[in-house]
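Participant: Below you will find the structure I want to go over with you.
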Amino acid sequence: MIVIIDYDTGNTKSISKALDFIGLQNKISSDATEISQADGVILPGVGAYPEAMKELTRRGLNKTLKEIAAGGKPILGVCLGMQLLLESSNEHSFTNGLGLIPGHVEKLPEDPEFAVPHMGWNQLQIKRATPLTKQLDGEYVYYVHSYYANCPEEYIIATSGYSIEVPGMINKGNIYGAQFHPEKSGQIGLEILKGFKEVTYSCKSSQQ
C-alpha cells in the first residue's frame, strides 16, 4: 500500500488516479499512523514552501516522514514535495526543510530568454540509472515551478536544460524526488511511478 500524504498542499487525487492506472494500491491520508504503516509514501505539493512546511509540522508529519526515511521505506516527493525533502529554502523567507537530502531551494535565476515559472514540457537527461530513471534519457516531462533544488551533484539523477541545468530528479538511498509532475507527464510519468512501485515492492520483500 502506498500512502499519498494529504496536508492540504498537494494534488493528491491526480497522483492517486495515476497510481490506480498502473495497478498500485494507494490511499490518501493525513493520519500519521496510516502513513507510518505504508509500504511507501508519496509527498505531493503545490504552493509556497514556508506554508507547506508549516502545515507538515503542525500535523506532526515532519517527524513521521523522518522516521519513515530512517526505517528504509521509499519516499517520493513531487514538485514542492521534492523541495521539502531538502535542508532549507529561501522562498519568501528562510525555512528549514525535512533535511532528508542535502541541498537548498533557490529561485530560478532571472533571464530574459527563460520565463519564470518554468512551465511546460522539457527533456530529461539521465545522470544516474535508478529504477525510476531507467530508459528515460531524452524523454519529456511536465514542469511547473519557480524554485529549484540546489544540491550536490551526487544526489542529482536527472536534469533538464533551462536558464540553468535544473535538477529534475534527486535521490539519496530510499528517498526520491521529482521536480516535475509524473502524474501530468503521460506515459513517461507512469513509467517513473512504475519505477517507484518496483522500489517499494523490492524494499518490502527485503524487510520481510
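Easy rule for this one: first residue shown is 1, then count along the chain.
In case you wondered, yes, glycine gets a Cβ from its N, Cα and C as well.
Computed from a predicted structure; not experimentally measured.
So Swiss-Prot lists these for the protein:
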- 1-206: domain 'Glutamine amidotransferase type-1' (DOMAIN)
- CYS79: active site, nucleophile (ACT_SITE)
- HIS181: active site (ACT_SITE)
- GLU183: active site (ACT_SITE)
Participant: How far is it from CYS79 (active site, nucleophile) to GLU183 (active site), counting Cα to Cα, in Å?
Facilitator: 11
Participant: Counting every protein chain present, what is the number of Cβ atoms, excluding its own, within 10 Å of the Cβ of GLU183 (active site)?
Facilitator: 26
Participant: Averaged across the domain 'Glutamine amidotransferase type-1' (1-206), what pLDDT does the model get? Just tell me the whole number, please.
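Facilitator: Over the domain 'Glutamine amidotransferase type-1' (1-206), the predicted model scores a mean pLDDT of 96.
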Participant: Relative to the Cβ of HIS181 (active site), which residues of the same chain, six or more apart in sequence, are found under 8 Å away?
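Facilitator: Looking at Cβ-Cβ distances below 8 Å from HIS181 (active site), excluding near sequence neighbours, one finds ASN11, VAL78, CYS79, VAL141, TYR142, TYR143, VAL144, GLY189.
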Participant: For the residue listed as 'active site, nucleophile', list the number of other Cβ atoms lying within 10 Å of its Cβ atom.
Facilitator: 26
